[in-house]
């Protein structure tokens, strides 16, 4: 049997040198699964340039909202709508489940309070050419999986550009058009949503179900500037009322990508854009952040059995965050790559989440859950009513439990028809890899090198003086720079990794948030000499890590120790120094002990083994210990909050 074309497959299975996402192991050779396409060279991946270029100076001020948004789609439910939903659910829930909208409709009854600071803070991190958030610690984005779980929308079914298929449906569409025209001719003077609900919510109309769905689509899914009933949604409503699935998830996600790009461009332009209207369901952006950044979460409600996941945020109070920008930048250790893999009381995991990793033989008869998972993993063009956006899950593979390699470029289709055909085509992979829900992904060593040289290196070039105004979570002396020059690059820490070195940083933008005691102890005590680093504050006697990557179901992926040559990446060592690992792996009690046993002896790191022979901790290092302790406390609080939900 002929092998499938490599350009049309989703997965790539191969051995490679992998690095732990916690930065606490040496590179290990093992079999890994990557999302395609992967790049063939470090020059190939598209760089997230506009997300790391300097923002206007006024946007760098603490707690400063850089612009005013004249209109943002943020629909709050009123009692009449909740009552109508309840009545229609009792009559049509079976059709809603068949069409995959039952949870999405219930989500429209929840009151999600808006945090404009969080929305703006996230938008500052948005990259318009990759459709991803680019943080100092890594790349992440809202994916189709998020829209399925948080929004309740389906990735399967007909496109949103569907049309009526027979005369019976045409008659229903004509009745809807007549009703819309009658509302326009009324005192409302437009297809007012309130007047539409008043017309149909009392029952008695033969097209009540279609009218209800038309309002739901116009109100929460495809809102426009007039906040009116959109005639473009009538064919969609007719299909959904008959239990015919429509792929609403890609349309919703495409609209979010579009509006995040508009908002980012407005932020970069400063206040030059006097009017900015955003019509995508931005509640999903905020829910995405709440799920993945525990430190930003309000106190969630306890779910009732069968509730959509979004119900836990119904009427949740917005937490007070002193500096959203700084919080996002410093979330490397607490960010949840797979929040839906964690146990949650009265919530069922998606069917494509498995306790043990599996290789499933490809079958045209995949159930809808696995088919949905495939749609989430494939790089594609996603379609809205009148727009298209690039979807690049291979750039954020760790969000799906996959290992991350250099993301390749994607030549996506320019016409809607071809784009839709490629979006819905079945996979031709001979096997479908499903990771364990608790597997902790790794990245390749070349990805680490690319991130530090091409991405963070570009950040250094474009930032200029603005770089000094930003808060940096980690920094390390540039081995190629002259002594005393500082960068915001940690040359051994890839995106999403724990920092292994002590964090000596200026934190100019965050100084106001520091205790007075911390302000007294600032400085940089690291120096570079050739390819060896003399670093203060490292610990003595850390043992070497073994070469296993544990799947939390009890299985291990076999690994082989890397060759000596393979360890020499980034012009230095691929080996994660044992000293750095000790810093991150200490408990709170150990931190206090280490902080209390400061000496004046120099640390010499052996360039071959990474072993530590001694240590020195100047008084300036106290800031680093305090910072580490603060992060540990934040992590414990987040864990306690999550544990209370189970």
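The backbone N, Cα and C atoms fix where each Cβ goes, glycine too.
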- Which range, 409-461, 462-514, does TrEMBL list as region 'Disordered'? 462-514
- In TrEMBL, which of 544-569, 570-595, 596-621 is labelled region 'Disordered'? 544-569
- Query: Over the domain 'Aminotransferase-like plant mobile' (100-452), what is the model's mean pLDDT?
  - Reply: 92
